[in-house]
Amino acid sequence: MSSSNNAAAAAASPDPSRRREDVVGWLLALFPDLPLPPPPEATDEDLRAALATGRLLCALLRRLCPGALLDDASTDNVGRFRAAVERMGVAKFSASDLERGQMTAVVNCILALKDRFGSRGGDDHRNPGFLTRCDSEGGRKRVESKLQRMLTSPIMSGIPGVDKLTIATDFVMVFQLKQGGYADQLGGKYSDLLKSTSLDNAPTQSLLGVFNSILDESIERKNGQIPYRIACLLRKVILEIERRISTQAGHIRNQNNLIKAREEKYQSRIRVLEVLAGGVSGQTHEKEGMINLKTVKAEETQRIEDEESKKEDVARLLTDKENNDSIISELKKELEETKRLHEAHSQQLETKAAQVSKELEQRIEEVKLMLDDSTKRRIELEELSETRIQFWKKKEVVIDQFVSLQVQNVQDLKLSSVSVRHEILNCQNKWSEELAGLGKSLKVVTNTAEKYHGALAENRKLFNEIQELKGNIRVYCRIRPFRPGEDDKSSSVEYIGDNGELVLSNPTKQGKEGGKNFTFNKVFGPITTQDAVFKDIQPLIRSVLDGYNVCIFAYGQTGSGKTYTMMGPEKATEKEWGVNYRALNDLFNISHDRRDTITYELGVQMIEIYNEQIRDLLGSGGVQKKLGIQNTIQPNGLAVPDATMCPVTSTSHVIELMQTGHDNRAMSATALNERSSRSHSVVTIHVRGQDLKTGNTLRGALHLVDLAGSERVDRSAVTGDRLKEAQHINKSLAALGDVIFSLSQKNAHVPYRNSKLTQVLQTSLGGHAKTLMFVQVNPDVSSYTETLSTLKFAERVSGVELGVARSNKEGKEGKDVKELMDQLSLLKDTISKKDEEIDRLQLLNSSTRLKPTRQADSVLKHSSSSPGITSLGKGTSVGSGAASDLDNFSDTSDRQSEAGSMLSVDPEISGLADVDSDGRTRAVNRVQKLTLPKAGQSSSLRPKPRDPAPAATGVRKSSTSQATPLARNNSTLKRGP
C-alpha cells in the first residue's frame, strides 16, 4: 500500500487516541530512552513537548532513511524534517500544528513513515534519492513497464525452461542497483549477483542494461573509478554475453544442418509417393494416394512455414549477433579504458600501500622500542615497589614501636596533666593580676598619648592661626614632570619632603656644598594630579564666598608648567582641569548649596598685561582694547573697572568665557616652550552675596594670575617681537621682585608703580587679602640656575606678612560707613568747586597784582565759612559721581594741585566721624588719614577733578606753584609711587 493510502487510512481511523498510542509505542520501540510516558498515558501535550525542538523528528528520519536530511544552517530541525518529508511524498504538517494546533496531522505523518519504513525497522540503507524516485508511483510504473517489455521480448520467449517471475525479481534488484548506486550496497548483494545461476537465467538485453547502468553510474561519479566487485560483475556479464552469442551461433548451425536433412527426407518421400501414385491402380490406391498426398502437402506446408520462421529467426539472430558484436566491441573498449584506469588507481593504491607499510613498519619499530622501554620500566617499578614494600614494612615496625611508646607517654602525660592543670590555674590567677596592672598602666599611657596628640594638633592649629594672623603669603611648590625626550635620570631636585621640604642639588658641585634646602607650605611632586593640587587650596578658595579677597598666582621660568597648573592642557577634560576651572566649579557648587541662606552673584573679568599694556580678553574688541588701572583699594577688588564684567550663572558659561579669553591671549613658540605665554593673564571672579535673614552683604574677589615665565634670551633664542616681549616680561617680573623685597623688609615705600603687573597685584600684595603663590620648578639639570633663582624668590615671598585678612561685610554698621564715605565724597566735590573758585579769584587778583599769600588766606577763610560744609549731612544731591570721584584715580592728574586740594580739606572736616575696620563709629579727628597719605606710603584716596577746563587747570597749576603759606609748609610730604 502506498504512503498516500496509508495516510488516508490513518486519517480515516475513528479513534485519534489510538493513533497517538501507536505513534508513541513506535517511538519508544525505536528510542527506548525517550522521556515519554507509556502509550496509554501519553497525551498530545507530552507528544508535542517531545517533538517541539525537532531533534526527535530528525533522529527518526536519520534512522529510517540516512541522508534524507539536508544541512541548511538557516532552517531549524522542524523545517528540515518537513522539507525531507515533502520530497519523499509523505503527508506533511505545518509548523503551527506542532506548536499550538491539533496533533492529528503530525501523528498522520509519523504513521505514514511507519507504514513505509516500519518493516525495515530503520535498517534500509538505500540511497535517499533512490527512495524518493522508486517509491513514487511514476518510478514504479517505469520499472514495471521495463520488466514487462523485457519478459515479452522474443528473446525471452525463445529461451526454454526460464522462470520469468524469477528473472523479473532478480533484475528488479539489478535495476535498483542502477538507480540507487552500487557503492551503497552490502557485500551480500554482490555475491548474489556473481552467482552463475543468476546470470544464466537473465536475458541478454537485461545483462546489457545492467552493463549500461554500471557505466552510467561510473560517468555520474566523474572520477572514472569502478570498485573491484563491480568490475568483477562487469567481467562476468561480458563473458556471459559472449558465451550466449557463441551458443546462439552453434544453435544456428545445427538448425541449418537439421533443415537440410529434413529437406532430403521430404524429397525422398515425394519421390516414393510419386512412384506409388503411378504404379497403383484402383480406387483404393487413389484414395490412399490422395490421403498421403494431402498429408505430404500439409507436412510440406508446415515445413515451409517452419523454414520461413527459422529463416526469420536466423536473420533476427544474425542481426542480434551483429548488434551484439558492435556492443561487445564498444564494451571491450570501455572495459580496456576501465582496466587502464583501474590499473592506474591500483598502482596509486600500491604506492600508497607501500608508503603506509613503511610508516607502519616504522611505527611498529617505535612501538617495539616503547614496549622494550615499558618492559624495562615495569621491571624497575617492580623492583622499586618491592624495595618500598620492604621499607614500609620496616617503617611499620618502627611506627608500631613508636605508637606503643606514645601510648606510654600519653599515660604519663595524663598523670602529669593534673599537676600541670593546677600550675596553669595558679599562673592564670597571677596573669589576671598582672593584666589588671597592665591595664591601669596602659590607660595612663593612652591618656598621655591622647593628650600628646591633642597638644600636637593644638600646636599645629596655633601655628596656622599665627600664620593667618601674620597674613603670610602661602607658597606651594610644584615640580614639573619630565617631557618626552628629556633625561629623567638627571634631575636637579634631590629630595621632596612631606612637610614642604625641598633639596635642590647643584650638578657642578658634590657633597654638602651642592645641596640647597628650601621649606615651603607644600611641595607637590611630578606625579601629583590636578585634583590633589586643588584639594590643598580648596579651603582658601571657598573663603571668597565668606567675603574675603583671595589671590592665587603662578610664578616660574618659561616652560615650567604655570599655564598647565592654572588652566590645564588644551581641550582639557574634567579630570585635567586646572585651578581656574576647578575654583569656579567649586564656587558654583557651594553657592548652590547655600542658596537657602545666602544668594550669590558672580561676575568674571579676564585681562592680560602684554608689553606693559592692559588688554581686555573678554571685550567685544578682543585683545585690541587697552585699559587703565585703578590703584585705590576697593572692597570688591576692582582694579580695572573698565574691563568687561561678564555675569555668569553656570560652570559651562565660565568655561566658555575662559576659553574665549585663553584664545585671545598672546601665545608664541620659543626654543624652550612650544606654547610660551607672552603676557601675564589675570582672571578675576567677583562674588556678591546677600544674607537672606540679616540682609548683610558680602563682597569677595578671587584673582587667578598666570604670570608669563622669566626667560634668558640666549636660551630662548627669541628675536624681533618675541625679544621685545621677553624684555617686558623680565622687567615686570623684576618689578614684582622689588615689591616682594620691599614687603619682606617692611619698607615704608613699596614701588608698586614700577610695573603694570605690580599695580594690578597691589590689592593682593599690599591689602588685607589671602594670597597664595604656586612656584613652578623645572627639574631639568640644564635649568638649574633658573630653578635656584625661582626658589630663592619664592623663599622671600613666603616671608612677606600682609596682615590679617578682612572680610568685606556690609551690615547695618557697614551702611553707616557707606553713608560716611558718600558724605566724604560730597565734601571732596565741594572742595573741588572751592578750588575752582580759588583759581578764578587768583586770576582776578593776579590781574590787580595782589599778593598771592593774602589771596590764598582769604580764600581759605571763605572756604571755612561756606554753607555747603555746614549742611554736609543733608546735601546728598550734589552729584551722582561723588563716590566715584573718591575712588577713581587719574594717572595724568597733577600731584601739586592734588596736594593743595587735600590740604584745603583739613580745617573743614574736623566735625566728621570715622569708622574703624569693625564698623564701630568713633571720633573723627583723624579723617585726614582717608585723604592724606601717611609718611612713606602711597596715597590711595586722592580725588580726581571733575573734568575742569584746560585753562582753569593751567591757572591752578601756576597758582599752586607759587604756593600758599600752608602749601609751602606741607610741600615736603611724601607721595606714593
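Each residue's number is its place along the chain shown, starting with 1.
The backbone N, Cα and C atoms fix where each Cβ goes, and this holds for glycine too.
Among the ranges 1-20, 181-200, 741-760, the stretch that Swiss-Prot annotates as region 'Disordered' is 1-20. From the options 488-523, 812-847, 884-919, the stretch Swiss-Prot describes as coiled coil is 812-847. For S560 (ATP binding site), the same-chain residues lying six or more positions away in sequence with a CB closer than 8 A to its CB are R480, G709, Q776, V777, N778, T790.
Per DSSP, the domain 'Calponin-homology (CH)' (17-118) is made up of 63 helix, 0 strand, 39 coil. Under DSSP, G556 (ATP binding site) is assigned to a strand (E or B) in the three-state scheme. Taking the Cβ of Q557 (ATP binding site) as centre and 10 Å as the limit, one finds 24 other Cβ atoms among all the protein chains shown. Ranked by Cβ neighbours within 10 A across all protein chains shown, the binding-site residues G556, G559, G561 are led by G556.
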